[in-house]
């Protein structure tokens, strides 16, 4: 009669046949057999992320195959290995192939860390941007699935992975989740995360300091490169030239490339045809604005992470009023929580609604009014905002004006650009993104923007 260990080995072989190789190698092989008692099969996952993923995506398959193999119903419990570290010497039943694989992985990681200076590949990843905090909806299902596939098996199916979509829809979140995932699986992985602006600045510094070889080594030695906002490479001929060769070097070496943009490659103006071709050779995954159910799920998940309980009607109220993007939605949530905390009022629709929509309805304003009020609050003139001046006060006022026109009017990006002396629509888009990024970290700017909104009675949800 086969032992439990032999039966588990048989289960593993059947799982290997039923699952794709990347899925088996990434999720099943690292899991260790811990115990089998009273019809319960206990497995140990290497970390909490793997444990959650196994439980959510593979527990049913494991239960079905194990039940068939053991000859009776089997329930699977998946635990985190670290939780059992104190008694693993007494209870844990390991297999030599798994143990050897763990040792080999550890040794390889040590070799990698010795060969490559750590500081070269320390990605500035946001700790919040991980897969288990990303809410998947119809708007993002394909992009999420592609990101997971790339994270599990980099350099194979979708290379490059090109994620595109509007501002604040989760492109950066998905991209950085891939980086976190790879580092979770392989701490020695060389992950490079940069914005296109950083890549360009690094290139300029390298040219000035005669450091092109070091620059090329830094980017071309990466196992995984994540480049955010690649649309800003438009019109930068030398940057495009260098990125073309970097792309080729990485792709030919089988390294994974992930790019994000606010539009598909073919719609990026002044982008070299050869780059359009290369950016399109993998998979282009689009993210759309989330629907009502997804927006509600996003708010619910955020509330859970903040350890707060929000009434369902309040969640539905906020989700129904902030429809453009996730960043705007989460901003409304933060304001509602802060308002309730400061005032001591309960978190209800009645108490929060006036703060989120003080006028009761979105007020349409004219571009001229925006210019007037921004000039008044920021201490510049309307003429200066329409001029090419790059003085910081003027530049900041101009960006805020573009941001508020987008939120308070129905003007398209090109029409907003016309209101500021014929600025290009990409300049307007960049200005909007910059203001949105700064609002959470620069209280003075946030106060000035709110003051203009109050003067104009702009409903913050008035954005098409």
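Quick reminder: no glycine exception, Cβ is built from N, Cα and C everywhere.
Noted in Swiss-Prot for the protein shown:
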type    : residues           : note
REGION  : 1-84               : region 'Domain I, interacts with DnaA modulators'
REGION  : 84-123             : region 'Domain II'
REGION  : 124-340            : region 'Domain III, AAA+ region'
BINDING : 168, 170, 171, 172 : ATP binding site
REGION  : 341-464            : region 'Domain IV, binds dsDNA'
Rounded mean pLDDT for the residues that make up the region 'Domain I, interacts with DnaA modulators' (1-84): 80
Sparsest Cβ surroundings (other CB atoms within 10 Å) among the binding-site residues 168, 170: 168
Where residue 171 (ATP binding site) sits in the secondary structure, as DSSP reduces it to three classes: helix
Cβ-centroid neighbours of ATP site 168, 170, 171, 172, 8 Å, sequence order: 165, 167, 169, 173, 174, 260, 287, 325, 326, 327
Residue 171 (ATP binding site), number of other Cβ atoms within 10 Å: 25
Residue 172 (ATP binding site): tally of other CB atoms within 10 A of its CB: 19
